[in-house]
């Protein structure tokens, strides 16, 4: 059994732990770790579930050059992940709804996780892929490469209750899907991102993005994340919003907002208010009750109040 402990000094409410099964390469490197029942808080005195030990009795997998080990992992949620098993526990917490996005430290996770070939017989180290393919054919074992990535499909590790997922390849482990969420076939949810309530997702929810209850992400819609382009701002969408088909945002939306189909509103987009004033969209970030549209004759982006509400600028941006 392997044990990973990142901190003994973290407070109980900022710790998590779990018994898991690690896939270990013959050179000692860990490919992945599955935690059937991750827990928050300090670990209890329980021993590893018997079923986990039963899995390890199968011994070495000659096709993949791996074996499984029972691991006991205890982590500090405020510290950065230190190894593969630590990182996988954090991703399990998110997809198991034990932590919401942006509440646990994932700094450096890309450097910790290995890039695996995820196949129908489990993860395989990239250097072993072609040999494993040949060995599988010799053994007449069905063999399909599903994806090559550092992050696996969520449903191969965690299946949250009360959700629908049209294409499992498009939801990464570490996604947070609340009860009542539907991710259609063209939808996508990254790790450390997701929904907090009932939502229809037909577009892309990027890393770090949080979507509120009753909000729909239209087909082909895009929400800027923090993984590409060096962006630091994390986008939050409030309750009861609609991001139209092929629309996109690089600012946060409050509650009851609509971005019309095909309109992409970035932080620097010039927006004309009902009183004729022109502001950067960033000054409206987080504001509620706004309809964003583009005038089809002039191309001007306009913001209109919804439900008899006046548009209010983000006051934080005007404090010196």
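Just so you know, glycine gets a Cβ as well, placed from its N, Cα and C.
Within 193, 245, 303, the residue that Swiss-Prot lists together with 204, 219, 222, 260, 261, 268, 280 for binding succinyl-CoA is 245. The most densely surrounded of the recorded positions 186, 202, judged by C-beta neighbours within 10 angstroms, is 202. Secondary structure at residue 222 (succinyl-CoA binding site), taken from DSSP and collapsed to helix, strand or coil, is strand.
Put simply, residue 202 (active site, acyl-anhydride intermediate) is 8 Å from residue 245 (succinyl-CoA binding site) when counted between their Cα atoms. In sequence order, 218, 244, 245, 246, 247 make up the list of same-chain residues 6 or more apart from residue 261 (succinyl-CoA binding site) whose Cβ falls under 8 Å from its Cβ.
Mapped onto three states, the DSSP output places residue 169 (Mg(2+) 1 binding site) in helix. A Cα-Cα distance of 25 Å separates residue 268 (succinyl-CoA binding site) from residue 202 (active site, acyl-anhydride intermediate).
Fewest other C-beta atoms within 10 angstroms, among the binding-site residues 219, 268, are seen around 268.
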